[in-house]
Each structure stands twice: as C-alpha cells, then as structure tokens.
Amino acid sequence: MTGTITERPRAHSVAIRKPRLVEEAVDVALPESDEVVNVVEETLPDASPTPEPAVEPADPVVEEPVDLALPVEPVAEQAAGSAQEATPEADSDPEPAPQPRPKPGGIRRAPALDGLRGIAVLSVVVYHLFGDVMRGGYLGVDIFFVLSGFLITSLLVREFGAGGRVSLNGFWTRRARRILPASVAVLVVSSAVAGLIGGDVAVKLKEQFFSSLLFVNNWVQIAQSQSYFAETTPRIFMHYWSLAIEEQFYVIWPLMFLGVMVLTRKLEIRRRLLVAAAIATVLGLASAAAMALLHDPAADPSRVYFGSDTHLFGLLAGAALALVITAPASDAVDSWPLRRSPEVAKWLGLIVAPVAFVGLIVMLFVLPDTASATYRGGLLVACLLTTVLVHNAVREEGPIPTVLSNRALRWFGARSFSLYLWHWPAFIFTRELINGSGIDATHTMPGWMVGVIAAAVSVGLSELSYRWIETPFRRLGFRGVLTAVGASARRVAPLAGVAAVLAVVMLAGSALGSSPSKSALEQQLDDLAEMQRQANEAPAVVLPPKPSRELPTGPEVTAVGDSVMLASSQALRRRLPGIYIDAEVSRHYSGGEGVLADLLANDKMREFVVLGFGTNGQAFPGQLNRIVRMLGPDRKVVLVVPFGPVDGIPQAADQVLRYVKRKPNVYLAPWCSIAAANPADLGADGVHPVGPGLRLYADAVEQGLRQAVRGERDPNITCPL
C-alpha cells in the first residue's frame, strides 16, 4: 500500500494576477525545519547560518503543525499589509520583485494564530489550577480543536491541489513525529514520579497510561464512568482525553477528504472543496445535535464532553473554514488569498471579529461547566466564534490580529502543546507533595498558592520539553534525533545519559505494575459499604405507629448520600438503630436520584429522608426540585449542608442553604457549621469525619430530624465556607 491517492493534475481557471506581497509557504509549526521554504527576504530571529543536515528527509508535499496546541516558533513580524493581495488600484505602486514558486503543500505563517493558541492554553491552565477564576476556561480545548481542524485541512487542500494526491503514509508519519515524542515523554516521566510518590496519585496508573498511549483515553474514561467535573481523586492523565479525540480525527478525516475528492473527480477543484466543506458542516452540526440530545441536565455531562461523536464539531468547523478559504493551486502566492473585495474583509475585521473576540472572552469567564446551556449550544457557539477569529487572523485585518500577535501570547502559543501536557500532572504532584490527598491530606497551604507553584513548574517543564523534545524531533525526525543523540552520547558522559533514561523507564514500569486500583480512602469506604450492606439486609424492625415528639426512630428514616455519609454510617446506626442507609463513594445527586427512584418503586421509602450530597459538586439546575417532588408532599426531607476545603463544596453548600429558604417541607442538617467548628475531628483531607467527628455528623443529622418533627426550621443555620 503506497498510502496515496493520485489523479492527473487539472488546469485551474484562475486569473493571472500580480504577485501578492506575502510571506509564502512558511509552515505554521516548523519555522526552523529543513522542510520550510522562505520566500521573503527576511531573516528568522533564530535561523542558523548553516542549513540543518537532512538526516530524515521530510515528505516533499506538505508542511504540518503540531497536535492539539499546535506550537510554532516565533518569527519576525510581517510587514504591514503583507497578507493582502495586490489590487488593480495599486497599479501606481512599484512592482515587487518576482517571487519564487511556493513549495507545494506549504501554508503561510499567521502570527495571530499563535496568540489565539496562547489564550487557549492559558484558559485551560487557569481553569484547572485556580478553580472559579475562569469558569469557562475549559473552552480553551475547543479553541484548540478549531485551530487543529483548520490547519490540518489547509495542509491537505494545499497538498492535493499541488499534485492531485495526498500521501497518507507521509501524513500519519508527520503526525507521529510531532505528537509522540512530547506526549510519550510526559507519560513515562509522570509515571515514574507517581511511582516514587506513591499513594493516591498512582491509582489506576496502568489503565491511564495505556489508554493515553493508544489515544483512546476518552472512551476508557467513559467506560469507567469517570467524571471530568466531579472527580474527587483526579487521574494524572485525565487531560489526555482531548488529545485522543484529535488523533482519532486525524486517522479518519484524511480518508474522508480523499474519498470526497475521488467521488467528485469530475468537478472543478473549487467545487469539490465546497462539497467537502458542506459535508464537514453537516457532520459538525450532527455532532453538536448529538451532544444536545444526549445531554441529560440531571446527569453528569462527562459522557457528551468526552465523546468523540459528540465533541467533534470544533474540529469540523475549522476544517470547513479551511476548505472554503484555502487556495488549492500550487502556484497561488498565498495559501489563504482574498478572493473577494478587500473592503469586505476590512469590514469583517473591524466589526465582526472584535465582537467575536469579546464574546469568546466573556464565555471563558462566565460559562459554567455544569450548565445545560453549555452542552445545548454553548460549546458550539464558542467554536463558531473561534472560527471567525481564525478567519480574521489569516486575513490580518482590523485590531484583533494585532492583539493576538502580542509577544507574550505568541510565546505561550509556541509552547502550548507541552504546557497542556505538563500542567495537569505537575499540579497533581505539587498538591500531593505539599498538601497530600485523600485521608492523608493536610491542607497546610492554600489552594491558590499550590496553583501558583504548579503553574511555575509547568511553564519550566514546558520550556524544557519544547526546546529538547519537540523542536529536535520536529526538525530532524526520529532517525535524525537518534543519530544526533548517539553522536552526542559518544562525546559527553554516554553511560550517565543511558543510565538516567533506563532509570526513568524502569521506575515508570515498576509504577505501572504496582499501581493500586483504589485509593486508601476508597478502600476504607468499601469496608464501610460492606458493613452497610449487611446492616440493610438484617431483619427489619417493626415500625411504631407514630414518631416520637422529639426524634423519629431509625426504622422511620431513609438516608442516601456520598462518601461522607458512608464514613459516618456506623455512628448513624448507633444513634438511630434500624435506619436504612445507602451511601457510596463519589456519588453525586444524579446517582442518588436513581437510588431514591428505586426505593420508591419498591415501596421502601420511609417518612423521613436524609440526603447527604455535595462532596462531588452541587446539584444540576432543577435537580433538587425534581428530587423533592419525586419524594412527595407526605415525606419530610433533610438536606445535609456539606463541608470541605475542596473546589465545588462551598458552592454546593450555598446552593442547599438558598434552596431550603423556598421549600417549607425541607430542613437542614448543619454539618458545615459543626465541622468548621471542629476541624481536629476531620480526616487529613478536611472533608471526611474521623473519630469524634463521626459522632458530630450524627449530631448534625439528628438536629435536622428534630426540626422535621417539629415542622420548624432553624433560621440560624449557616456555612462559614
């Protein structure tokens, strides 16, 4: 199999125009590569006076950017107006010198795209490391998706237009050369560090490693029902889900592109590309519709967020834009020429692009990850706004390209791939080393300080990765790097270098082989869950005719909750013998809703219902109302006010306090205020009660039940969080 589809090149009906004053065929990701053809008389800041040896010749057809964050190296600023083609009105201007024929498959460098990548990666880092500072920072991944789809498809169009063929082998080889070195390095080094630290950071390490290595991380997380938004024990490679979606796209999309080109071979090239753009648009809208239809506001949205089928529209939006505006002709001076009136491009740059930019920035700060609107159009809108900005960035009209060409944003954009890969494991390791996690957590340092340290570590690691891993492989390829490393090793400490690499690999292998399947807290709670199961299966106690005046008896109470209730289950049974408890680790309101429905269906729901949730995030919009209505007006509901110095718990506590003010038959168990007053009786994680704290949790539940018996709420219950 040659991996190519070829056809006889067609003559293109393109009018002969004056040469455009542009920089041509400078690859977005490879400014220093031996593959790049520079056609402007401008010296790159970091260009070497001597050419790089072509140790591993690149495919002669196409220049490619790197995956996900698409890093590029900084180059000199383009001259003003260089991205706009010459117009008939410019006849009085002196004719530029004849430009060399551009290299087939090349695309022009657009500095503003680097800045857009910088915004994207910084948004994701802030979202992960600093909680609610940027509530919509997760949208940075969708910005990456649009950029990736646009640039990859532009390269496919240019390559096909240059010779009527696309080398699939060459395409996938270049993808591997740009993705694997940095991503595998992060996997191996992070696994070795996790093995040295041990404990909860190494939980399910083997499954994480291989699913990330094989680019199926997103589907494995879906199969394991892992939550991106309510995970109490985050996995160090959880962020590889987005890389998996991109690589799956890179396997399928070139085949689809070539298939459309074959089926439409009787049409002129521009019409064929428009057909492909229409197909990409339809598929993108279908993906967005699938996300909207499959999203359940009452359930965790991770399934539709992780799914390749439901989260492909950003990549396809970028692809559709590329198919419309990219010049397929090999002799086109600009890869993204102005085919229509320059005045239209100026109008778009002056009005539409600024509106899109402001709209996207607002969404990055205010669009919550749990809102139903996010998955029913919100993510799609963010992708469409990004598409407008990408179009404006390559047209270079108006103020936004100047803003995006900021040196700092471009610096982060160049390193965005490595920064994205490193920031999450760096954060998990930093938090573990400083504050610990699970039952061993100490919380000796505020979360924002941990985030600052993790951010600094991430930036340092990304710079090292960019200089010593990404750039060498991008310029020299696999064989070239191996040759260079071999030559260097013969000159400088060969044994030390080999020993260091072997040590890291051995540590990583050992960590993979010995990684626990559950955290220490999960194992402890599993033991309690087994005790809970045995207690629930014991013979039922006969109910008395009525509850006592002060406190209901255990057989009149049903309690459903998460790991905090599970940890306190034995104390609750001692306080209320005969109580029915169904508590589970990492349970959100959504999981509890199903348990309550089953109990109602089997006529096992009792008069007093205690709901202990919030450790894994607040209820989704309308969920508390739905639960209370499902329980019916004859039951008295007690909501436990959650406590814990963990992102999401303060919001969940505030939600409960606000909700109860509007509901006459719902009461509060003041666990938050009691726990805050007795921090020494909490576990090291600051969330789960231990020792005397178990009795204090039972005290909180008892206070809520006493209010329910009297029918009077305590108006003084608050939460210091």
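The chain as shown is numbered from 1 upward.
Just so you know, glycine gets a Cβ as well, placed from its N, Cα and C.
Source: prediction; values computed, not measured.
Some features that TrEMBL has for this protein:
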type     : residues : note
DOMAIN   : 112-462  : domain 'Acyltransferase 3'
REGION   : 39-108   : region 'Disordered'
TRANSMEM : 136-157  : transmembrane segment
TRANSMEM : 178-197  : transmembrane segment
TRANSMEM : 248-264  : transmembrane segment
TRANSMEM : 273-293  : transmembrane segment
TRANSMEM : 313-333  : transmembrane segment
TRANSMEM : 345-367  : transmembrane segment
TRANSMEM : 373-390  : transmembrane segment
TRANSMEM : 411-428  : transmembrane segment
TRANSMEM : 448-469  : transmembrane segment
TRANSMEM : 492-513  : transmembrane segment
In terms of Cβ proximity under 8 Å, which residues at least six beyond the ends of the transmembrane segment (345-367) contact it?
-> 84, 119, 123, 134-137, 139-140, 143, 338, 373-374, 378, 381-382, 385-386, 388-389, 391-392, 395-401, 403
Local confidence of the prediction over the domain 'Acyltransferase 3' (112-462), expressed as mean pLDDT | 91
Taking the transmembrane segment (178-197) as reference, the highest number of CB pairs under 8 angstroms among 136-157, 248-264, 273-293, 373-390, 411-428 goes to 411-428
Residues outside the transmembrane segment (248-264) whose C-beta sits under 8 Å from one of its C-beta atoms, at least 6 past its ends, are 5, 7, 67, 148-149, 152-153, 156, 160, 166, 168, 171-172, 175, 215, 271-272, 275-276, 279, 308, 312, 315, 319
With the transmembrane segment (273-293) as the reference, find which of 313-333, 373-390, 411-428, 448-469 contributes the most Cβ pairs under 8 Å.
-> 313-333
Lying 6 or more residues past either end of the transmembrane segment (448-469) yet within Cβ distance under 8 Å of it, the residues of that chain are 71, 125, 129-130, 181-182, 185-186, 414-415, 417-419, 421-423, 426-427, 430-431, 434-435
